[in-house]
Amino acid sequence: MAEDKVYPVDKERAAHSLINIDDYHRLYQQSIDQPDIFWAEQAEKFVGFFEPWSKVFDGEFAKAQVAWFKDAKLNVSWNCIDRHLPQRADQTAIIWEGDEPDSSLHITYRDLHQAVCRMANVLKARGVKKGDRVCIYMPMIPEAAYAMLACTRIGAVHSVVFGGFSPDAIRDRIQDSDCRTVITANQGVRGGKLIPLKHNVDKALEQCPDVHSVIVVKHTEADTGWHAERDVWYHEAISQVDDQCPAEVMDAEDALFILYTSGSTGKPKGVLHSTAGYLLQAAMSHKYIFDYHEGEVFWCTADVGWVTGHSYILYGPLCNGATTLMFEGVPTYPDASRFWQVIDKHHVNIFYTAPTALRALMSLGDEPVKSSSRASLRLLGSVGEPINPEAWEWYHKVVGEERCPIVDTWWQTETGSTMISPMAGVTDLKPGSATLPFFGVKPELLDAHGKVIQGAGKGNLVITQSWPSQIRTVFGDHQRCVDTYFKAYPGYYFTGDSARRDKDGYYWIIGRVDDVINVSGHRLGTAELESALVLHPKVAEAAVVGYPHDIKGNAVYAYVTLMTGIKDSDDLKKELIQFVADEIGAFAKPEIVQFAPGLPKTRSGKIMRRILRKIAANEIDHLGDTTTLAEPSVVDNLIEHRVNR
Ligand code: WTA
């Protein structure tokens, strides 16, 4: 069994790690038994405060009412920039690698300070104040980082919307958190393709009358529509403001950012993170898990539109004074060796990516990897979805040439930072296992009755006590936060994932048990996809499930019932797929659409997704109990017409 395969820590390398496995166990125990002492020490080590806290932790976990470092004062942009200026003004903070291989920039901490101050002053000049929400819809360019940090500098709350979202999705997010300012670029460029970001914003804002300012970075030469009273060019605006801007004094629990994520029901939720706890745990996990050493180049390939980009491109690394790489492009442009070429070009030491990218690259063979040296690489990371042992082995053997440990980091938008992961050079590895919990994280597995499973076993993954970077609320709807995460198992935070724990206490994440589909590491809610489909005038009803996919991990399978009298056709399938792309974003496109004259429902009218999942996965011999179906013949029809792959 894969479980039996262990890659022990290399002794020589362990000698250079920040801590060893005995330290891990000792510190872990302290973090659980005496969290106040543990976190106070870590906070002093990792974060600079303007004023100290009165209490390390206060609140009630079960009600999602928690405060960390109560009354302390600090500023995130100050921690990520100003604090480093005395020692590292000339050190590169951000290496930017553009879409084209000949475009890159080195931005020092001094440059970053100036750019962020200017952007902050532009926001102030447009009337943005502490507590205001600012929507950021940007390509992966340095200005995205400036924008996020500028918000934190003046205490505005950023809501980054991934550049792949459609105008409707942008509109919903702007409206939900009442953003009055948007920061965008005229166009994005990815894999040689142009993305009409400003155009999308213009469309979204047709229904957002309260937005008074759109700050536009001129990233390409293309023209864009213009609303003179509302739109400002970034390059013009920054030339009119000072390059000094004091960092606002923020409370430890002041809101830092909102990030929308899909859940099992309803519209995406605005997950809200606060200041001190988030920053501390992002920085600390970056340092310990990746064994980050002074001077190293760290590359996380995520987009800043997702939480991984927030915590491990920006806040964690910059809080630690690291050099972080930001990549605008895609792994296969101009060819499939791009990742490895970038590693050589910028002497990347630590590389952190998603299994879906690895599987896609693996399918293209070893040659593109072998065309590079990767001599600088010291360790590898994985995030976003379970990494299958085959992809793990390929990553280890071919990319890392068996000398780089792999840290498989399990976490969520809601957790803010990594919760279960090996620490490089500390933890013995097992391919496919996220291994052991991070400091302060106490996971448990619960059985179907909500009982704690002891020892080895499989169950629903919950967290039993508060951690500093935990979600504070769902923006504008605290009850939804309680209902979503703290209601299924009272007293516990429910992750939505199931997992297995082996005899060594190692965790193996299995996947979502709720109605969230993880497609290429992107979270999609079935409810969201279904609402998009039924908006189409020809669709009467839709049910969406995930099914296993070789490259994407999971893909979307949509069952669609058409309005009476509408004829199905391949063209209509294509139209519906495009319709979802327009409603949400291209990354949410269903892989498969099956027209269904009826959907399997219980007598009370509830769609039986369990059956739909089985049909989508081609597991028609194990449909399980179908006796509660209102009309059993519906299932026969679905099976007969299922889309074979
Ligand atoms: C999944 C991304 C297995 C999981 C940081 C989780 C993983 C969801 C892993 C959160 C991993 C993330 N192994 N599954 N290492 N990392 N997941 O909010 O299902 O975009 O609940 O955060 O991704 O996705 P999110």
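In case you wondered, yes, glycine gets a Cβ from its N, Cα and C as well.
TrEMBL: automatically predicted annotations, no manual curation.
What TrEMBL records for the ATP site is G384, E385, P386, D408, T409, W410, W411, Q412, T413, R512, R523, and among D366, D428, D497 the residue it adds there is D497.
Ligand 1 lies under 6 Å from the Cβ of none of the recorded positions R190, G192, K193, S520, K606. Listed in sequence order, D99, P139, E328, G329, V330, Y333 are the same-chain residues six or more apart from R190 (CoA binding site) with CB atoms under 8 A from its CB. Between the farthest pair of Cα atoms in the CoA binding residues (R190, G191, G192, K193, T308, S520), the distance is 24 Å. Spacing of G192 (CoA binding site) relative to K606 (N6-acetyllysine) is 45 Å (Cα to Cα, whole number).
Reported as a whole number, the C-alpha separation between G191 (CoA binding site) and K606 (N6-acetyllysine) equals 43 Å. A Cα-Cα distance of 29 Å separates S520 (CoA binding site) from K606 (N6-acetyllysine).
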